[in-house]
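So the structure is just underneath, and the comments pick up after that.
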Amino acid sequence: MNRSILKFVKNGIISSSSRINNNGFINKNNNNRWFATLPQPNRGIAGEKQPIYLDMQSTTPIDPRVLDAMLPLYTENYGNPHSKTHAYGWTSNDLVEDAREKVSKIIGADSKEIIFTSGATESGNIAIKGVARFYKEKKNHIITTVTEHKCILDSCRHLEMEGFKVTYLPVGENGLVDLELLKNTITPQTSLVTIMAVNNEIGVVQPIKEIGKICRENGVFFHTDAAQAVGKIPIDVNDMNIDLLSISGHKIYGPKGVGALFVRRRPRVRIEPITTGGGQERGIRSGTVPSTLAVGLGAACDIALKEMNHDAAWVKYLYDRLLKGITDNIPNVKVNGDLNARYYGNLNISFSYVEGESLLMAIKDVACSSGSACTSSSLEPSYVLRSLGVEEDMAHSSIRFGIGRFTTEQEIDYTIEILKKNVQRLRDMSPLWEMVQEGIDIKTIEWSQI
């Protein structure tokens, strides 16, 4: 494949160049692996000040190799993949099918089981609403957990308004679902269980294989929101007995606006479409497939599959470095979620006696989050953390750091230093912290209500 890489220049024009390392795109390491070298925090692509990016659960930067794969579809192979009467359509269709094959390989599926969508939100809506409505005459019960992504919870709530019964399973303090409780909750009326693979807020990895086994033994379809899992942890839909699986492009260094839904063919999962039209994508998702975005998703999956072990080792190394740097230098902190059953690109940690939003503003040179980007406009404490039993003040003090493929040691070290400085500064302003330093147990204080 041509390794030419796109370079952003100051006037906004995109030009093709090869093996660039001046202000930001290509370096080659000792392992013959190509990396995009992202701009340092004191300069952006066009030279402006840019913060360090540690919000990988919100979105990831597009891998330059993905961008490279997409460019020809903007300039040469721009045909509609559904046009069957000329070469433009044939070429575009071939590229889309090649991308479909690459997406299928990363989860061990058949390419015919991959449906292109606009993202994981649409995939989740199709899976949950589509299965529930198709089988509603026979079964009307769905099971999920209280810590799912908003798109899953809202889909279930909409089904409740249509007359379906939904059970929202609690999770333990570690964020994991109780398998015995799941098993005992399934009834003859249960059509679908939907439990996410990796939680977007706390990084906890659910026991997907065990959940799939329970569902298969009980004749219940199993959907998992794998937006935060695909390309990060190994997934095999057959070994794990997964029937439906949601994928997001921009969570794996691919483009925004594209995703995929795996729909099992044997045993066949039937879906009532929620979008009608031209009958594309096996009639499940009508609408012209955005061939450029689909190819980008395919390229992202191909890279992620080949480099998953390397990425995982790098992310774990940086996670350990960040966690040690925080815990060695800042007292009274707590990691949220299970310490072992987790994806190490996600560190959600609470800083006692510090308001999370205040800390985010104080460390503005680091782009991170106090929770899901989908709910970040709300000042309410995270519903995921509250579901774990985290006290409200600790939930308010949580920060999520997202580590990824292109994160550097220098960025982690800078983050540790800026946290040390600003957590202490904010605590010094807190009368509660002063009382704790004096040995007062503030939980025993009866505060007057005025």
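The backbone N, Cα and C atoms fix where each Cβ goes, glycine too.
Features reported for this protein in Swiss-Prot:
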type: TRANSIT; residues: 1-52; note: transit peptide
type: BINDING; residues: Ala120, Thr121, Asn200, Gln228, Ser248, Gly249, His250, Thr288; note: pyridoxal 5'-phosphate binding site
type: MOD_RES; residues: Lys251; note: N6-(pyridoxal phosphate)lysine
type: BINDING; residues: Cys374; note: [2Fe-2S] cluster binding site
type: ACT_SITE; residues: Cys374; note: active site, cysteine persulfide intermediate
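On the structure: features taken from Swiss-Prot.
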residue : record                              : contacts (Cβ under 8 Å, 6+ apart)
Ala120  : pyridoxal 5'-phosphate binding site : His149, Cys151, Asp225, Ala227, Ser246, Ile247, Ser248, Lys251, Gly259
Thr121  : pyridoxal 5'-phosphate binding site : Cys151, Gly259
Gln228  : pyridoxal 5'-phosphate binding site : Gln57, Met196, Ala197, Val198, Asn199, Asn200, Gly203, Lys251, Tyr343, Asn346
Gly249  : pyridoxal 5'-phosphate binding site : Gly119, Pro255, Lys256, Gly257, Val258, Gly259, Leu293, Gly296, Leu297, Ala300
His250  : pyridoxal 5'-phosphate binding site : Thr59, Thr60, Ile62, Gly119, Lys256, Gly257
Thr288  : pyridoxal 5'-phosphate binding site : Asn80, Pro81, His82, Gly278, Gln280
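According to DSSP, Ala120 (pyridoxal 5'-phosphate binding site) is assigned to a helical segment.
Of the listed binding-site residues Asn200, Ser248, the Cβ environment within 10 Å is emptiest of other Cβ atoms at Ser248.
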